[in-house]
Every structure is written in C-alpha cells, then in structure tokens.
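*Asks:* So TrEMBL lists the following for this protein:
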- B:GLU322: active site, proton acceptor (ACT_SITE)
- B:HIS323: active site, proton acceptor (ACT_SITE)
- B:TYR124, B:GLN186, B:ASN209: NAD(+) binding site (BINDING)
- B:SER233, B:GLN255, B:HIS258, B:HIS323, B:ASP356, B:GLU410, B:HIS415: substrate binding site (BINDING)
- B:GLN255, B:HIS258, B:ASP356, B:HIS415: Zn(2+) binding site (BINDING)
Number of protein chains: 2
Amino acid sequence: MKIYRYPTKETWADLVQRPVFEREEISGLISEIFNEVENNGDKALIAFNKKFDKAETKSISVPENEIDNAENELSNELKLAIQEAKENIYKFHVSQNTEVQKIETTKGVVCWRENRAVEKVGIYIPGGTAPLFSTVLMLAVPANIAGCKEIILCTPPDQNGAVNPAILYAAKVCGISKIFKTGGAQAIAAMALGTESIPKVYKIFGPGNQFVVAAKEYAQRFGVAIDMPAGPSEVLVIADEQAIPEFCAADLLSQAEHGSDSQVIFLTTDLKVFNETVGSVEQQIRDLPRNEMAGNALENSSFIVLNSLEDAIEFSNLYAPEHLILAIREFEKYIPYIQNAGSVFLGNYSCESAGDYASGTNHTLPTNAYAKNYSGVSLDSFVKKITFQYLSREGLQNLGKAIEVMAEAEGLFAHKNAVSIRLK
Amino acid sequence: MKIYRYPTKETWADLVQRPVFEREEISGLISEIFNEVENNGDKALIAFNKKFDKAETKSISVPENEIDNAENELSNELKLAIQEAKENIYKFHVSQNTEVQKIETTKGVVCWRENRAVEKVGIYIPGGTAPLFSTVLMLAVPANIAGCKEIILCTPPDQNGAVNPAILYAAKVCGISKIFKTGGAQAIAAMALGTESIPKVYKIFGPGNQFVVAAKEYAQRFGVAIDMPAGPSEVLVIADEQAIPEFCAADLLSQAEHGSDSQVIFLTTDLKVFNETVGSVEQQIRDLPRNEMAGNALENSSFIVLNSLEDAIEFSNLYAPEHLILAIREFEKYIPYIQNAGSVFLGNYSCESAGDYASGTNHTLPTNAYAKNYSGVSLDSFVKKITFQYLSREGLQNLGKAIEVMAEAEGLFAHKNAVSIRLK
C-alpha cells in the first residue's frame, strides 16, 4: 500500500502510471497456435484441451443434454439471481436502441442511420478458479437485443472435460446453444478462423488472461473485430468526510481480489476517513479467501489525501479508471467534470459489485487508461450504424454545384462528372 | 473488366474476394520511423520531410499567417462550397447527439449513459495529387460537435514546404489552429508519441497510403485508438431496368479513379442496362484525367448479371461494400435486407460523390469487408459513452441478494462483502 499525503500536481503524472508487469514474450506461441488451429481444426483444439487444460474431450461441442442438465446443478437462489440480473441488463441495454431520425440537410437531400447487427459474434468466457457466468449475461443479452444471428460461446473445459454449469445455464437463459469446450488463445483462433465445429465470427468479445488478450490482438489481422484492448481491472474511489470507511474498504478489496495485477486507488479529502479506510482494509482483508491476490494487488495501489474534491476529480481524469466510485455527498455537482472513466458509481450505496452483476450496466469496461479513448461494451458494440441518403433530382440540383466545385478542386473529375451527367 | 452472367451461388464466395495486392514488408521501416520520432522529435520530422517529401521545412508548425492567407488563394466558389458542405455535415452529425435517458432497472437503481469527448484527437490528411480537404470537414466537424478539447492536423508539405491552401482553409473554418507539416508514418508516430511541437493524442483519424495504414496499426501499441482499419476504396452498384446506364457508369468510374487498387462491382438484373453500362464506362473513361488509375481499377472489377434483386442484395451483403448504390425503383422495399454496407445511396440521383462531399453523411467508411463489423465515422467516434449508476439504500436492498448470490457463486467474496457490509 503506497501512501501519499497532499502530493503536488507535478508528481501526479507519475502517480497515475499503472504498474508495469513483465509479460512473457508470447507472440511466437500465439502464431503457432493459430497455425495449428488453421491446419488441424477441431483436432487441434482437442489436443490443446489435453495439453493446456489436462482435459479429455472427444468432441468440442457441448451436447444439448449437458446444457439442459446444468440447470439441475444450480440452486434455485442462483437461478433466480441470474434471471434478475438478466432482466436488468436487458432493460438498460434495450434502452440504448435509438430511433431512426431522418435529417433533411438541404431541400431534397435526406440522410439517416440505421442499426444492423454484427451477424456473427463470438463470446469468450474464461474458466479457472472464478467461473465468470456474469460475463455471459453481459455479452449475450445485448447481442440478442441487437439481433446477432449467430452467437457462439467458447470456454475451457475443467479436468473432467466439463464446463461449469453456471456458465451453461446463463448461456441457456440467453438462448445460446452453440457452446464449445476450448479455451485460451486456441479458442480465439478458432473463432477468428473457423473449424469444422466452430463457425468463424466477425467480432470477438470477452475477457481472459495474457494469452487470450494477445490472441485477440493477433486475430485482428484476419479481419475480425474485438470488443476492446484489455488490461488488469481497477477501481478509483473518491471519498469526502461523509463517506463510510468500511464501505470504501470493501469496494477497494472487491477490486483487489480480481488478481495480483489489479490496481486500486483511494483518494480522499478527509484525514479521518483516510486513516479509518486504511485500517478497515487491513482488517477486512484477513477474512477473504483470495487475500493473497488482494494483498499483492494492494502493494501496487495508492492511498492518497488531496486538498479538494476538484483535485480528486482532476487526478481521476488523468488516471482514467475503469470503475470510479464517488462516495461523496454532492456527487451530482461533480458529474459534469468527469471526463475519463469506464463506469461511475454514485453515493454510498452504489457499490461496484452492483454494476458487476445486476444493476443493468455492462461490466465489460476499458482498463489501463483506455477510458480516455474507448467506451465500455453496450448495445452499440453489437451493431453497425449504416448511413443512408436519398437525393431527389431537386436535391441534387441544390447541392450539385458545391459537389462539382469541391471534386474539381480535389482533382477528382469522375466524381464531378457523376453530378454533371445527372444535371445535364 | 471481369464479366459474369448469372453466376451460380456456389461461385459467389470467390467473386466477393477482394483482389490481393502484394504489399511491401514495411513493419521494420515503421518501427524505425517510430524510434526516430521518439528519440529526435521535431528534428526527425524535419529530416523526414526532406527525405520523403523533398521539402525544406525549418519548423513543422504551420504559422498563423500562412493559415490566414490560404483564404486568398481559393476562389469564392470553392469557399462557398466548403461552407455549404460544412453546414450539411454539421446538421447530420449534430443530430447524432443522444439525450441522456435514465433507466430505473429496479426500484431505487438508476442507470444511464453520458457522452464525453475524446479529449485529444489527431487528424491525418494525405498530400500528393489529390488534396483531400473534404476529409478535414468530415473529421473536424464531428470532433467539434463532440467537444474535443484538442484537435490537431498533420499533412505533408509539398516540395516548396507549403501545405495546400484548401486544406488550410477547411481547417480554419473548423477552428483548427494546430496544423503541422509532416506526413506518412512519421506523422502518425508524432501524434501517437508526441514531439516538442506536436501534442500526443488519444485517437488518430484519417486516410493514407500503406505506410500510414501500417503506422496507425502500429500506433495502437502505444495506447492510442484509431478510427478503423483501412483498405482500398470500393463501390457496389445494383441496377434494375429503370436505372440509367450513363449514371451507373459515372458512379463506377468515380470510385475507380481513386486508385489502381480501388474496386467497383456492378450488379444488374437487366441485360440491356448491363450492356449499356459497360459501353458507357468504356466511353466515359476516355475523357478522365485519371483514366490510367481508373483503367487499372476496372481490371480488378466485376460486372455481373443476376437473376433477381434479392440475389443482388444477398451478393452485396456477402461482399459488404464501403459504398452501396441502389439504382432501383423500389429501393425502400430492399432497405431492410441490407445487412453489411458502409453507406447506402438510394435511387438515380443519389450519386456517391454527394456523400463524399456535401450531403452531410460521413465519407470515412469501412472498406475491405469491414462493413461486416465496423461502422463508418460518426459523432460516436469522437466520444466515449460513460455509464453511471445510483443506488439508494432501498435500491441496494432490492438488488443485494442477487449480487451476493452471484458473487459467491463466482468465488468472489469481497464482491459479496461490499454488499453485505452495507446491508448489515
């Protein structure tokens, strides 16, 4: 835990730097995996399951009865929670549908945009210690609203060759029936290139480890799009004197438990809240099952006292956090000044885990300062907006001269002629 | 010109393939240029101006008086045309602003999105034979509407060290005052890394040759975003029996003149229109100043007779053209079936050059089949949509159980605790 009291603004540029982790040089491995999947398809995926996931999988498609049976392995409580989360995610994302708005820019010249779904999308869900079935909802719900025709899901099998039932159930309630047992870079390769079982998709979504991230970058050279570049998860909490230290500490830890490379930043204007939050973090961490990870993450994390909330917002904009919690009384006053953030949580009861699971906002968000230039996943991520225009003869007459003059000035005479020939 | 009459659907997958051009292996050169710009800043840019553009440039900033004087070198006609285009582009893009819509997903849980501008954006405008001042409007107008605080423009100098006055004038009417004389990969490097004169930006927009395209891809590893991946320009025209062959030919040629690697596709259900369009292309091309380029582009282009308009739309969706012209009577009937396209032009008077310059739609569009997974540039390209959420105590009470159950099932106990501690 790094502690800074009233650091001068000159030092902020250093304080907002993300910790740099040594990454293995894996680009050679990624291209080998892509080659192997391209040449041997499903067979390669089955071999990789054995090699990387210690799993025997005769086929990589999850059979229908396995999907149906998953339901029996979950508690009613969990099934209800998944349903409730799904409904809220649906309500928020369906509201992102925009009506077609036709604009007559010049008399006789009408322009508009219409949404069309990305027809084929692939969702990657990591396996391992935390089965992220919530991410299934976050990606499949907007894909359904958009009208994506083909939604497929890849996730690695466990050592028994099975997929976590909560992942299967979440997929089922979202109407996904094409689920494949393959993980890591090979799953991304399969979705980018296609295999006998797995259809090639146009866009790949979902989180993953450094191999998945590198494979998603690599996949783009095959014409596939990805949701966004990825980095470790992070939260920045701003607290004033009315903040409740136990709540702040709980939010900071809920980010820290994601992984050793997570980062949490705590900013406050109040020394009492500062000291009590630090104390509460140290106390709460003891009871966490993942306290080793959280402890490692805290080592890279900063707890900072600043002079004013204005300073705190300025610092936050410079850092551009994935999650920003405003545990301050007058949060409404500061909203207009928030420039760079993925998702913002307002007041003492808007904990980050609400947005992670069930409030309705998407939890696939820009990390690593990408909140400066990327939005989180939304309905927009699953559609293209196509522009349309209709010019009547009169419309072209009104606009023709301007087009001709500009085309000629750019030296593009065929562009000019396309107008002239129509107005002759 | 490749001619196909009623090709069977089995052959379509081959027919929609883009021609493959041998690209030089330039990744080594790109990384050298980035290193040079990183280490020597402006000095490197001045040296590259000499080396690549044969231009002596003492400073790379375009001085204010040079921007002001540009106006005097343009005809009134051109200045008026630029103003008219700018106004239409403004009208269409300002309509893309969405109102904030607050959604109460559960009682006491309110979620919404707000737009925030990408604070720093860079626009690249190629030099060379065609001074693309229209692209300045297409990128600077939405950047202004979005509220981008810093908008900079890079464009290569000519052999006299000057920048084309139409580019300077278009920039000026859009309020851009930071213009720099640097082109090619080095301009992209400068915007991605920053130099003494050129500020580092968060997102880079604009077209360019293969060096610019490769540099934009490379720039992403420094955290910068780009508008979209790029390829040669293209148009697909669908014509029925009422189409006017001279108009179709003019549209096909206006795309072909962009460059030898452009591609045009003509689809029709009518043999007479087919033959006359082919004849008209051969006739009109003779008078074009850029007829050599257009001729080369035509060699890679397909003229195809199909059985029905339904087939033509299906073929077009498979090809996913940057520009799609529907020179058909009942275009409205077919709009819902258009799945993949950048921008669509409806009827006999909506020529592509209208959208290229002045109708108001953006001309920065996805090529090379990227219309399957990318939208063209719009106001959205210059903003991030940040999600906000406010939960009252009651809201968290209503949602708390679902969050706790899901967090526990994902093994994330600190996430659960952030709720439990608040509801204790």
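Every residue gets a Cβ built from N, Cα and C, even glycine.
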*Asks:* Using the Cβ center of B:TYR124, B:GLN186, B:ASN209 as the NAD(+) site position, which other residues in that chain lie within 8 Å, going by their Cβ?
*Replies:* B:PRO126, B:CYS154, B:PRO156, B:GLY183, B:GLY184, B:ALA185, B:ALA187, B:ILE188, B:GLY208, B:PHE211, B:VAL212, B:ALA215
*Asks:* Which of the recorded positions B:TYR124, B:GLN186, B:GLU322, B:GLU410, B:HIS415 have a Cβ lying under 8 Å from any Cβ of chain A?
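*Replies:* So the ones by chain A are B:GLU410, B:HIS415.
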*Asks:* Looking at the binding-site residues B:SER233, B:GLU410, B:HIS415, which has the shortest Cα distance to B:ASN209 (NAD(+) binding site)?
*Replies:* B:SER233
*Asks:* Using only the residues recorded as binding substrate (B:SER233, B:GLN255, B:HIS258, B:HIS323, B:ASP356, B:GLU410, B:HIS415), report the maximum Cα-Cα distance in Å, whole number please.
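*Replies:* Spelled out: the longest distance between any two Cα atoms in B:SER233, B:GLN255, B:HIS258, B:HIS323, B:ASP356, B:GLU410, B:HIS415 is 55 Å.
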*Asks:* Could you tell me which of these binding-site residues, B:GLN186, B:ASN209, B:SER233, B:GLN255, has the fewest other Cβ atoms within 10 Å of its Cβ?
*Replies:* B:ASN209
*Asks:* Rounded to the nearest angstrom, how far is the Cα of B:TYR124 (NAD(+) binding site) from the Cα of B:SER233 (substrate binding site)?
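*Replies:* Between the alpha carbons of B:SER233 (substrate binding site) and B:TYR124 (NAD(+) binding site) there are 17 Å.
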*Asks:* Once the chains shown are all counted, how many other Cβ atoms turn up within 10 Å of the Cβ of B:GLU322 (active site, proton acceptor)?
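*Replies:* Taking every protein chain into account, the count is 27.
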*Asks:* Rank the recorded positions B:HIS323, B:HIS415 by the number of other Cβ atoms within 10 Å of each Cβ and report the first-ranked residue.
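*Replies:* Of B:HIS323, B:HIS415, the one with the most crowded Cβ is B:HIS415.
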*Asks:* For NAD(+), with binders B:TYR124, B:GLN186, B:ASN209, what's the maximum Cα separation in whole Å?
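*Replies:* Binding-site diameter by Cα atoms for NAD(+): 13 Å.
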*Asks:* Relative to the Cβ of B:TYR124 (NAD(+) binding site), which residues of the same chain, six or more apart in sequence, are found under 8 Å away?
*Replies:* B:LEU153, B:CYS154, B:THR155, B:ALA187, B:ILE188, B:MET191, B:ILE204, B:PHE205, B:GLY206, B:PRO207, B:GLY208, B:VAL212
*Asks:* Over all shown protein chains, what is the count of other CB atoms within 10 A of the CB belonging to B:GLU410 (substrate binding site)?
*Replies:* 21
*Asks:* Across all protein chains in the structure, which of the binding-site residues B:HIS258, B:ASP356 has the highest Cβ count within 10 Å?
*Replies:* B:ASP356
*Asks:* Please report the distance from the Cα of B:GLN255 (substrate binding site) to the Cα of B:GLU322 (active site, proton acceptor), rounded to the nearest angstrom.
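*Replies:* Approximately 11 Å lies between the Cα of B:GLN255 (substrate binding site) and that of B:GLU322 (active site, proton acceptor).
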*Asks:* Roughly how many Å separate the Cα of B:HIS323 (active site, proton acceptor) from that of B:HIS258 (substrate binding site), to the nearest whole number?
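*Replies:* Pair distance, Cα basis, whole Å: 13 Å.
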